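Record features, source Swiss-Prot:
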- 1-39: topological domain 'Cytoplasmic' (TOPO_DOM)
- 40-60: transmembrane segment (TRANSMEM)
- 61-76: topological domain 'Extracellular' (TOPO_DOM)
- 77-97: transmembrane segment (TRANSMEM)
- 98-139: topological domain 'Cytoplasmic' (TOPO_DOM)
- 140-160: transmembrane segment (TRANSMEM)
- 161-189: topological domain 'Extracellular' (TOPO_DOM)
- 190-210: transmembrane segment (TRANSMEM)
- 211-269: topological domain 'Cytoplasmic' (TOPO_DOM)
- 270-290: transmembrane segment (TRANSMEM)
- 291-304: topological domain 'Extracellular' (TOPO_DOM)
- 305-325: transmembrane segment (TRANSMEM)
- 326-365: topological domain 'Cytoplasmic' (TOPO_DOM)
- 366-386: transmembrane segment (TRANSMEM)
- 387-393: topological domain 'Extracellular' (TOPO_DOM)
């Protein structure tokens with residue numbers, strides 16, 4: 001088992017995002033040809049995302065802000081904010097993954113080089129492989145179901161209105177977006193509007209899958225190495241010949257894992273920040289939209305609410321898992337039989353213990369930690385915003 005065995009769902013996400021899959025020195029598969037059709041779909045999807053972000057704001061400026069009743073104004077504002085955040089966070093993933101592609105491939109190459117090949121009894125490779133693949137599979141299926149539901153909802157609503165004569169055809173797209181052509185009352189215009197949002201969300205969801213699965217993969221790789229270091233420290237006997245060399249190797253390996261964690265933090269900083277801000281606003285505004293809008297719109301924004309809750313939770317959960325895994329090194333070093341070693345051995349172990357005193361933690365631009373505590377604070381603040389906005393009705 002090697003690192004490339006973990007790449008199944010990341011490769012599927014890359015295929016959906018219409019970008020080449022990640023390749024590094026040592027990966028057995030050759031780089032696949034990046035077809036011009038994929039480039040066209042990627043560029044078209046990115047343009048559609050940018051247009052949708054702009055169109056949502058223009059639609060609200062031309063229509064939503066003109067509402068005379070407070071309840072209608074709040075509903076239009078919440079609908080605009082939730083749609084804007086959904087598209088904006090997706091575009092942030094496109095930007096972060098595209099601009100950091102070389103750094104990601106370099107990081108994957110380093111992880112490939114240090115992937116356990118010897119002394120496998122200290123590394124639970126199969127355990128962490130199964131956990132990572134299970135989570136990535138669930139995420140992939142969830143985003144695919146969400147994508148199909150989100151983009152098919154306008155067609156189902158239109159079909160329902162067509163079959164029931166008491167309803168007028170609303171021609172409502174996935175989001176309230178301004179288009180430079182006629183949408184309401186035009187089958188062609190409506191189809192083009194739905195298709196443009198569908199293409200944009202196709203690329204956006206693909207990048208979201210890549211982002212989430214990359215964070216999952218990198219998290220469990222760090223956990224694997226922290227767990228391996230802890231296991232080797234517990235089993236290390238200072239009386240055994242060569243113990244000093246083994247300990248020095250573990251100290252160097254621990255230092256390298258900390259550096260790799262910093263690289264992950266630097267690469268994903270923009271993702272962490274956009275998810276924190278976007279999820280806080282979107283969870284609040286989606287909840288308001290569910291409360292104030294009609295049933296069909298409520299179901300649509302409920303799916304967006306669930307997506308943001310899960311999206312932010314996965315990121316914060318992975319950050320907590322890295323912190324907990326790094327915290328195992330200190331007790332493992334302490335329970336080593338250091339008291340039977342010589343002075344040099346004790347000093348070396350003390351250096352490792354001092355370095356591992358504070359568990360490693362990802363931070364969003366060195367400010368908010370990426371943890372479940374931050375996730376709960378996000379939900380709390382979103383609820384406070386929700387009660388404030390809800391009271392305006």
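Each Cβ is built from the backbone N, Cα and C atoms, and glycine gets one as well.
The stretch in 40-60, 77-97, 190-210, 366-386 that contributes the largest number of Cβ pairs under 8 Å to the transmembrane segment (305-325) is 366-386.
The stretch in 40-60, 77-97, 140-160, 270-290, 366-386 that contributes the largest number of Cβ pairs under 8 Å to the transmembrane segment (190-210) is 40-60. If you average pLDDT over the topological domain 'Extracellular' (291-304) in this model, you get 78. Residues of the topological domain 'Cytoplasmic' (211-269) grouped by DSSP class, helix first, strand second and coil last, total 52 helix, 0 strand, 7 coil. Helix, strand and coil residue tallies for the topological domain 'Cytoplasmic' (98-139), in that order: 33 helix, 0 strand, 9 coil [DSSP]. Within its own chain, the topological domain 'Extracellular' (61-76) is flanked in space by residues 176, 178, 288-289, 292-293, 389, 392-393, which lie at least six positions past its ends and keep a Cβ under 8 Å from the stretch.
Panel annotation: around the topological domain 'Extracellular' (161-189), residues 52, 55-56, 58-60, 62-64, 76, 79-80, 83, 86-87, 150-151, 153-154, 196-198, 201, 296-297, 300 of the same chain, lying at least six beyond its termini, place a Cβ under 8 Å from a Cβ of the stretch. DSSP states for the topological domain 'Extracellular' (161-189), grouped as helix (H, G, I), strand (E, B) and coil, give 6 helix, 0 strand, 23 coil. In the topological domain 'Extracellular' (387-393), helix, strand and coil residues by DSSP number 4 helix, 0 strand, 3 coil.
Tertiary proximity for the topological domain 'Cytoplasmic' (1-39) is limited to same-chain residues at least six positions away from its ends with a CB under 8 Å from its CB atoms, namely 45, 94, 97-98, 101, 104-106, 108-109, 111-113, 115, 125-126, 129, 132-133, 136-137, 139-140, 202-203, 205-207, 209-210, 213-214, 217, 220-221.
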